[in-house]
């Protein structure tokens, strides 16, 4: 008998976003290549995530729900009206345009973005209304790079941040912890809550730094928040090549203690499978087992602090097949499924965690000195 289930929120309209072809994510055709590649954030990656949840071994543990599109008033919980107007006007033009580096809006993109935001809001509302405790918003385009005033990194609207705002505005949540395991810094979410002590944002990412005007944040350990939010933005830049043991060490030594000190009543896990060993858009070495352990740890965090309430929001993950396998493994961990139902098809990358452990210990020392609410841990 299945007693442990995840409520998955999805809408087919999100497949209509077409992020162009070219050289990787540039949309550029140099004229001398016979075969161009799809943009890494293409619909195929999400189709496989969808199908593995529908037809894979985990399918009996999944309840399906259809998300609703967000409306403008909901978007204004996080984004400025000027920015939303810019997106609306770009959509009205009916032409393909590059909103930010590598971030293309085409006919159908705005509809998909509204569905991604609204589907995530639907999932959070589902939890707030006590219809379920564990929900996963399977959405695209992704959102965690989108800032209140601008697009960035394939992201138009910050889906997870909007869900956090909804939770805080509901009256039933006063403190939300957001844990981001995408391989890239969740700069948009961090930016939106940078002066808040109601939201703890923790981002585990490769140490990539800033990548231009749309992404001025570095994701470094000294970006701690400002004013009353000082100390509530914790960055964990991990060395390239960090794998399962390194991520588990960071989760247990940095993330879990910080969340325990913060004491949230809602937990949001921002998920990217681009931290896997084979992702074209990252340089880390997580395998299915690593994602499974993260799922187990996050389930424990939710049970300890938020009465088991856990919202998961999909972000990156660009290996068209392996990202789906990693999602399956993570949800197995969240659902406490005792043994893996799928063997890992390609995980053979050797891991040396010494560099990751050294980085985590250095970050821990920094936090105890400069983060007020973590002093004494």
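Even glycines carry a Cβ here, placed using N, Cα and C.
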Among 91, 265, 274 - the residue Swiss-Prot places in the same Zn(2+) site as 182, 184: 274
Proximal but sequence-remote residues of the same chain as residue 182 (Zn(2+) binding site) (Cβ under 8 Å, at least 6 apart): 144, 203, 205, 270, 271, 272, 274, 275, 315, 316
Lowest local Cβ density (other Cβ within 10 Å) among recorded positions: 145, 184, 274: 184
Segment-level pLDDT (mean, integer) for the region 'Histone deacetylase' (5-336): 97
Rounded inter-Cα distance in Å - residue 145 (active site, proton donor/acceptor), residue 184 (Zn(2+) binding site): 9
Secondary-structure category, per DSSP, in which residue 274 (Zn(2+) binding site) falls: helix
